[in-house]
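Colleague: The structure follows.
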């Protein structure tokens, strides 16, 4: 028999110690990984609930197991809230991750070996947009587009040329490291010109879209996927959205279950429903606007200090720092900043001479620092400290000095109050 007051501490001290150390790391480090954020206590509470015990293969009202009457209510609420939040007619809240949501779209719309056109990983795309190390580049014939060398923005003329030349069955719009506004309609027009599906992955900007601060692709694309964490600030998971199309909805549902997954994670779906309600509530638009403002302040400060920001700035929550002209690798920059309690991730940049394991850039994002209360003043100061480290990357005294400042800033702005 289990009791609600059972504790990990005292039973599994090894796990508990690692958990406590991670709590301390999150409190004492500034988090600038663009795909990370801090969920609300409500979201975490749902994920630690007894819902984790329930198997519920199928969909609300059409389950393969009994005893699903209450989890049906939860999943339907998550579906309805997702549709309201993004103006969709269809929503599937079951994907365990963004990559699994993307895999379901591929499975629903394509046959193995068919051609897809997606953004190059080195130019800001995602593994699942056609990278050769991903299912998307192994099972399907992937063609890649990139950024204009002069503007650092998506080269729509190249997209149109590649689409005409290769006749893909599906075009993927979306990114994991692109800082400008994507012209969804331009992609729609290109897809229509060759009779291709338009699939948008808005995982990184879903929170901004929900707040009305970034163009919504749902009315334009055939299908849209997103994660539920990142800017959306919910649990780690995936979501598929679409306009009214009964045949497409059936294909997508079947591609998620039974083709791609078995039982849904009902505790995570409950957390998604809570996250969607939070996004529909007061203060959410202001939060997302601050995310953008902080990113712009950081990008501007980097440029003032002589650093190259890919695409020349940002319109969302992230940007890429190109370190090629500084003679610094992303790997070394990541490690040095880590010693200063600043967490970033190394990232490939356009025309990167380094391997993906080394890189010549950093990806920087502001959702997490905004969640813990950082404003423009803190964002500018933090950027200056990062520049101090990168300007003298081997100077451990500089790193120690910056770490002290970071610890002080973190103490004043706790992750959870």
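Quick reminder: no glycine exception, Cβ is built from N, Cα and C everywhere.
Under the heading (6S)-5,6,7,8-tetrahydrofolate binding site, Swiss-Prot lists 121, 125, 126, 127, 355, 356, 357. Annotated N6-(pyridoxal phosphate)lysine per Swiss-Prot: 230, in sequence order, evidence recorded as sequence analysis. For 229, the entry in Swiss-Prot reads site 'Plays an important role in substrate specificity'.
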Colleague: Quick check for the class: what is the C-alpha distance, in angstrom and rounded, between residue 229 (site 'Plays an important role in substrate specificity') and residue 126 ((6S)-5,6,7,8-tetrahydrofolate binding site)?
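Modeller: If we compare the Cα positions of residue 229 (site 'Plays an important role in substrate specificity') and residue 126 ((6S)-5,6,7,8-tetrahydrofolate binding site), the gap is 16 Å.
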Colleague: Near residue 356 ((6S)-5,6,7,8-tetrahydrofolate binding site), which residues of its chain come within a Cβ-Cβ distance under 8 Å, counting only those 6 or more away in sequence?
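Modeller: Listed in sequence order, they are 121, 122, 348.
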Colleague: Near the Cβ of residue 229 (site 'Plays an important role in substrate specificity'), how many other Cβ atoms are there if near means within 10 Å?
Modeller: 26
Colleague: Taking Cα atoms as reference points, which of the binding-site residues 126, 127, 357 is nearest to residue 230 (N6-(pyridoxal phosphate)lysine)?
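Modeller: Checked the binding-site residues 126, 127, 357; minimum Cα distance to residue 230 (N6-(pyridoxal phosphate)lysine) goes to 126.
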Colleague: Other Cβ atoms within 10 Å is the metric here; tell me which of the recorded positions 126, 230 scores highest.
Modeller: 230
Colleague: By the DSSP assignment reduced to helix, strand and coil, which category contains residue 229 (site 'Plays an important role in substrate specificity')?
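Modeller: It is coil.
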Colleague: Can you tell which of the binding-site residues (121, 127) has the fewest other C-beta atoms within 10 angstroms of its C-beta?
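Modeller: Comparing Cβ neighbour counts within 10 Å for the binding-site residues 121, 127 gives 127.
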Colleague: I'd like to know which of the binding-site residues 125, 355, 357 has the most other Cβ atoms within 10 Å of its Cβ.
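Modeller: Checking each of 125, 355, 357, the winner is 125.
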